[in-house]
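Take a look at the structure below.
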Amino acid sequence: KESAAAKFERQHMDSSTSSASSSNYCNQMMKSRNLTQSRCKPVNTFVHESLADVQAVCSQKNVACKNGQTNCYQSYSTMSITDCRETGSSKYPNCAYKTTQAKKHIIVACEGNPYVPVHFDASV
């Protein structure tokens, strides 16, 4: 079974590019990362930074998660991210996404030993 840490990497890490390559980026990535297999995942964020830099956020600014849990951490610096949001015309299995490039602080939930990101909570 896929670990929570591995799932985070599959769903949210794209270190190979510094930003979204085109307006079609989300359509391609959401499909290739299996985020449209059983349904269209409505919203998803990809982070264009090294895995080490994203894992390091787990020792940065401790903040409350959206659900009230206390194991969320905000990055000290802004990171290059791409937000993928389902469009109004999107219909499973033909999931369609709008690609939005940004530089923001990320907030991730961390757990385990080693203490690593397992959930992408927000960007600010």
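Backbone N, Cα and C atoms are what each Cβ position is placed from, and that goes for glycine too.
Listed in Swiss-Prot for this protein:
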REGION    1-24  region 'Disordered'
COMPBIAS  1-13  compositional bias 'Basic and acidic residues'
BINDING   Lys7, Arg10, Lys41, Pro42, Val43, Asn44, Thr45, Lys66, Arg85  substrate binding site
ACT_SITE  His12  active site, proton acceptor
DISULFID  Cys26-Cys84  disulfide bond
CARBOHYD  Asn34  N-linked glycosylation site
DISULFID  Cys40-Cys95  disulfide bond
DISULFID  Cys58-Cys110  disulfide bond
DISULFID  Cys65-Cys72  disulfide bond
ACT_SITE  His119  active site, proton donor
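Checked against Cys72 (disulfide bond) by C-alpha proximity, the recorded positions Lys7, Cys26, Val43 yield Lys7 as the nearest.
For the recorded positions shown (Lys41, His119), fewest C-beta neighbours within 10 angstroms: Lys41.
Cβ packing within 10 Å was compared across the disulfide-bonded residues Cys26, Cys65, Cys72, Cys84, Cys95, and the lowest neighbour count falls to Cys65. Largest Cα-to-Cα span within the substrate-binding set Lys7, Arg10, Lys41, Pro42, Val43, Asn44, Thr45, Lys66, Arg85: 22 Å.
Within 10 Å of the C-beta of Thr45 (substrate binding site) we count 19 further C-beta atoms, all protein chains included. Nearest Cα neighbour of Lys7 (substrate binding site) among the listed recorded positions (Cys26, Asn34, Cys58, Cys110): Asn34. Counting other Cβ atoms within 10 Å of each Cβ, the recorded positions Cys40, Val43, Cys58, Cys110 show the lowest value at Val43.
When secondary structure is read from DSSP and collapsed to three states, Cys40 (disulfide bond) falls in the coil class. Within the set of disulfide-bonded residues Cys26, Cys65, Cys84, Cys95, Cys110, the entry lying nearest in space to Val43 (substrate binding site) is Cys84 (CA atoms). All protein chains shown were included, and the count of other CB atoms within 10 Å of the CB of the residue listed as 'active site, proton acceptor' stands at 20. For the region 'Disordered' (1-24), residue counts in helix, strand and coil come to 9 helix, 1 strand, 14 coil, using DSSP. In sequence order, the recorded positions near Cys95 (disulfide bond) (Cα within 10 Å of its Cα) are Lys41, drawn from His12, Lys41, Thr45, His119. In the three-state DSSP assignment, the secondary structure recorded for Cys95 (disulfide bond) is coil.
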